[in-house]
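Heads up, the thing below is written out as structure tokens.
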Amino acid sequence: MERQFEIVSAYSPQGDQPVAIEKLVEGINSGKKKQVLLGATGTGKTFTISNVIKEVQKPTLVMAHNKTLAGQLYSELKDFFPNNAVEYFVSYYDYYQPEAYVPQTDTFIEKDAQINDEIDKLRHSATSALFERDDVIIVASVSCIYGLGSPEEYRELVVSLRVGMEKDRNQLLRELVDVQYGRNDIDFKRGTFRVRGDVVEIFPASLDEHCIRIEFFGDEIDRIREVNALTGEVLAERDHVAIFPASHFVTREEKMKVAIENIEKELEERLKELNDNGKLLEAQRIEQRTRYDLEMMREMGFCSGIENYSRHLTLRPAGATPYTLLDYFPEDFLIVMDESHVSVPQVRAMYNGDQARKQVLVDHGFRLPSALDNRPLTFDEFEEKTNQVIYVSATPGPYELEQSPEVIEQIIRPTGLLDPPIDIRPIEGQIDDLLGEIQDRIAKNERVLITTLTKKMSEDLTDYLKDVGIKVNYLHSEVKTLERIEIIRDLRLGKFDVLVGINLLREGLDIPEVSLVAILDADKEGFLRSERSLIQTIGRAARNENGRVIMYADRITRSMGIAIEETKRRRSIQEAYNEEHGITPKTIQKGVRDVIRATTAAEEPETYEATPAKKMTKKEREKTIAKMEAEMKEAAKALDFERAAELRDLLLELKAEG
């Protein structure tokens, strides 16, 4: 029976959500390729998109512009669709340093990476879900446009097993090795199998606690069970099971032979070219590196950096479009680009950055020219692969507006909150004026955000406010994600009342306690004072019923004019709706713990660091290490990778000191 998308929520669509849902669904059903949802801050865009997915019943790819945002969307969508496959597909590197060469200093930087096992599992879970069911939503970062193995090969190499099927046990073991599973009878983990007489246990790459137990009777599969890998408890009897490859870069043996021949051919051509041009060092370098890789591929079926040979492994011609996650979706699927004003330019930029770095490696003999084909999609290729797209943003960019002139608006907030009124005040005397406004807000137990243009001005203003007795903090680019979360939490808790920063547009700054946003130097045109940036900044005051924005400027620039008019337009729509329906705006009541998933991040490292490792007894140190390791794994499971990375660093320090 085909599974359907179904939303589980205590809420029903409110305000202009029903109209937005209806228009988007109508557009998709009538075959529109591109649509724009202009959703003001706090209007419930994710809920609207969830309802659209439920209505159109199509597999959906939701693209976010960074891992943090992808994690937030994944959590929200998982809550709305608990009975469907909501998957997470982001880069699986906790830390990634691509290989690079700096000719000026003759420095080669080896690729260095730490793969997060949990994310790797989630990636496998995402791709296998697409082949097993239709009710799939994958939340991905923009890195999903990077090359992945061939979906046909991935599908064809699935090991399909049924009860009663005739199959020799050793044949199954060979098939598992072909799809990159390793035999390990002692350390049984993801991507391995173990053998005990007539029983084969397989730990699929997409699971983290369950394994599949295959029991043979002679040359026949007698029984298939799903088992807890740790306790051995039988969880379910299965009639059929599909074991997906343990790597996205899998290749059949016969294809591997052809690929190796083609790589050797390319190497010979490249060596001739380099030697003819007198580049003897480069020629020696490329020969040594490539021959080593070829030997590994012959013996082991893979090598480090095998993705650089992906063009040969998939037998594609030079310059051909690489396979990506988009190719794993069926033809009729939906893409939702969240915060499209940032995501779209990011997709555009990825190809050029990647090619510039790889070209240097090719020129200096570190890689064969075919490595240039292991790349992200160009923007045109991305466009070709998309079926139907919804661009979602509070401030859609020029590209989205050009592609879909008819914009679907979602302006009304379910809470009745209005876009804030805007005052324009002269720059002369701005600090004294601002001080008076801050004191008014402090008296009402409300908070203030101030955005400046330069680091120096932020620092000077912070120092001045501290000198006059204001509790203030300063947010800048060097503040790590975890500290940033802690600062936002302290602002909400009232440990300080004013937050000063340059770019206050990043996610996580929707703080209901903020009733004043002050924009200094609002008339200095630039990317931080463009119409989009100004509208986004103004939105920071739209979570509080007393929200207000003050722009300090001596003239009204074009960007200011557009932002002010747009805010007024939205406010009048919201006021009319509230009046008609008798709604009184109410500040969002949001528990402080809701702002961040890692609230403990602010507290717990202090308890860990309170006793220096040197003063701990051996037992205390072991206990602390065990506790931290458990918490690190929990944080990674909860997709709170910043917290997990911080704990990893603390653990390394603790072990080093011990």
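The backbone N, Cα and C atoms fix where each Cβ goes, and this holds for glycine too.
Now, the feature entries from Swiss-Prot:
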BINDING   G39, A40, T41, G42, T43, G44, K45, T46  ATP binding site
DOMAIN    26-413  domain 'Helicase ATP-binding'
DOMAIN    430-596  domain 'Helicase C-terminal'
DOMAIN    622-657  domain 'UVR'
MOTIF     92-115  motif 'Beta-hairpin'
For the recorded ATP site, enumerate neighbouring residues of the same chain (Cβ within 8 Å of the Cβ centroid of G39, A40, T41, G42, T43, G44, K45, T46, site residues themselves excluded), in sequence order.
T48, A394, Q410, R413
Using DSSP, break the domain 'UVR' (622-657) down into helix, strand and coil residues and give each count.
33 helix, 0 strand, 3 coil
Reduced DSSP assignment, G39 (ATP binding site)
strand
Ten-angstrom check, please: count other Cβ atoms within 10 Å of the Cβ of G42 (ATP binding site), all chains counted.
18
Could you tell me the mean pLDDT over the motif 'Beta-hairpin' (92-115), as a whole number?
59
